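Copied over from TrEMBL, here are the features:
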{"type": "DOMAIN", "residues": "1-107", "note": "domain 'PH'"}
{"type": "DOMAIN", "residues": "118-153", "note": "domain 'EF-hand'"}
{"type": "DOMAIN", "residues": "154-189", "note": "domain 'EF-hand'"}
{"type": "REGION", "residues": "431-471", "note": "region 'Disordered'"}
{"type": "COMPBIAS", "residues": "433-454", "note": "compositional bias 'Acidic residues'"}
{"type": "DOMAIN", "residues": "482-598", "note": "domain 'PI-PLC Y-box'"}
{"type": "DOMAIN", "residues": "598-727", "note": "domain 'C2'"}
Amino acid sequence: MQQGTLMRKVKSKSWKKQRYFKLQEDCMTIWYQSKRTGKTESAFSISDVETVREGHQSEVLQSVAEEFPPERCFTIVFYGRRGNLDLIAGSEEEAQCWVQGLRQLIEPRSFPLTFALVSSTWIRDWFQKADKNKDGRMNFKEVQRLLKMMNVDMNEDHALRLFQDADKSESGTLEGEEFVLFYKALTQREEVLSLFQEFSEDGKKLTLLELVDFLREEQLEDEGTEELAMELIDKYEPSETARARHVLSADGFLMYLCSPEGSIFNPQHRALWQDMSQPLCHYFISSSHNTYLIEDQICGQSSIEGYIRALKRGCRCLEVDCWDGPNGEPMVYHGHTFTSKIPFREVVSTLGKYAFKVRHPSPGAGGHGWSLVGEDTCAGGSWSCWPPAVQDPRGQGPYRCLVAQGASLYPTPQELKHKILLKGKKIGRLEDTLDGPGDEVPDVSDDDNGAEAEEERRRAKVRGTQHGSALQKDKETLAQALSDCVIYCKNVPFRGFQEARSHSRPSEISSLSEAKARKLIRDEGNEFVRHNASQLTRIYPSGMRTDSSNYSPQEMWNVGCQIVALNFQTAGTEMDLCDGLFSQNGCCGYVLKPPFMRDEETLFNPSDPSSREGPGPITLTIQVISGQQLPKVANSKEGAIIDPLVRVEIYGVSADQAHQETKYIENNGFNPHWDETLQFQLHVPELALIRFVVEDYDKTSRNDFVGQFTLAFANIKPGYRHIHLLSKDGTSIPPSSLFVHIQITE
């Protein structure tokens, strides 16, 4: 990769500043220098980079497309909600040098990171930060500064003793392997070593049988335990000699506990593990509200980045508000507000590129608010604007087949793989789209369904009389081509559960505001659960949430609402819950509801946990043992060290809502020890989400957020486990973690 390259940093069509960009010798940090002032400052770390896009793949670079060719342009995309960095190189060769170089640097992170790799990267980062004079060595004064930076408040005599032990060359400085030795002494895990020695006869190694005993007794691994033990030794034992003897050293034991196999999250549930052949209404579906917005609802920026970020998080239901634009070109923005606008064609192009990049290409849905001109432009008979994944109902795809068979439920995610469903208004009925206009539903050959068909004909005539004027209004404002695209997600008003039970079809969906949904939950909880066992329901935020804040999705999931739309651009507890629920099942955006929520005759009511069929309450016991290398609070004072505490929060039915917390540990964010036990009783564990939060205690004001991790109860692995913390944006902050012991009893 070239170093000291002069490139243009672009923020808008009129804002283009020249900067010298340079990769540091550690190959981990990109610095830039202003051409005008000559001032040098750190720009970003390689570990912050998610991907690199070539060409005009951002609105900013598209705005300068006529001025600069795509071969010179590229976009650096960061993890979380941090804005992208759009750059223009001086030549195509320079651009390719940076694009390929950055991709090679971030490529190893596409594979699972071992504890050793994370630690070595972290050591190098800290060394670079603390080595003020950049001589590649660290004196004791620099080490003391390093300890403050690492959240360690250590006695000076003890720190000096560790320093002198590591200084093998007796030079008064640490370099290379000496610093690694110092770091290992600093990170000695006494609680892990004690656990290791409890199962090791000689205190130096775990034999294969001793490891099997640990896996069975403590980790509750009950299938193929000996094979698992062999795999863990082969994978995590750093010594070739120990691997050959089929034994695990203390270092290997620690690496296992810090690995995915030692995580609190069941690694088998990271993959696609649920049945995907159930009707759509039997799943919780990851859903976003006003997806195009990346800021507030009134004056915020609309951007295709909103769609890209949501899709990469596994979101399956996106929102596209389309309005008339100049020259008949439809534009996407929040109508009747001052939000910026993006061309509809750019949104559709983005969906075509990113809709099915999750591990399981389940169907996506979305779209509403179309105007007549916009509809004809983007849904014309040529279908030129839509990606191929939008099913043409006039074809011979699964839609026609399922409807012709008289299906009484929605199709399944498996049947609709690589398809995009459009949710919106529709002229007439689905049968009219497939078979031409008419008042009658298709004839059904099965005699068992004859009475149902006759009753449906009668209801269709009644509906035709009652809603004839509404149908005429739809025809006046809705393009037929767009109407024909709406198949299994036809918008219909919600007129009560009795009406829905009598007249709803498996091609319809109703949308409810959060306030309306809460009232129904309070007054008719069981009816709501029954309704959602056979019909799709979408919940959207109150119009008063102009700041793009979110409501709690948990209460909506408690009654089986499938499409609970949240503002993905806003970090917080609500999005932590969303990410926690949908981080399982291959992150495909679909999570199967519990059996008692898929039964149309269920008695379950979330306000009465005893109405749930199945075993009684379970007890969740969590021993919070220790923390490792917790991050500093953002924007904290130099030299400040956190006073961490851990709070465990339970989200679920009202009877299960609870939280407990540990005491705080004063001045130790590096290796705090709590050794406290928290206990919870869960009446409906199938709906419970567990959120672990680390905060910096402050006795005079609100505690500061440090990190969190949220997961569904169904994904918890019992035993001694590490919890790898996430930032407020939901991105990982290695190697920050908690060490806990989990017990689940009935």
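Here the Cβ of each residue, glycine as well, is placed from N, Cα and C on the backbone.
Because TrEMBL annotations are produced automatically, they should be read as predictions rather than curated entries.
Under 8 Å from some Cβ of the domain 'EF-hand' (154-189) lie the Cβ atoms of residues 119, 123, 127, 136-140, 143-144, 147, 254, 626, 628-629, 670-671, all in the same chain and six or more residues away from its ends. Residue counts of the domain 'EF-hand' (154-189) by helix, strand and coil are 21 helix, 2 strand, 13 coil (DSSP-based). If you average pLDDT over the domain 'EF-hand' (118-153) in this model, you get 71. With DSSP states grouped into helix (H, G, I), strand (E, B) and coil, the domain 'PH' (1-107) comes out at 27 helix, 42 strand, 38 coil. Taken residue by residue, the domain 'C2' (598-727) breaks down under DSSP into 9 helix, 62 strand, 59 coil.
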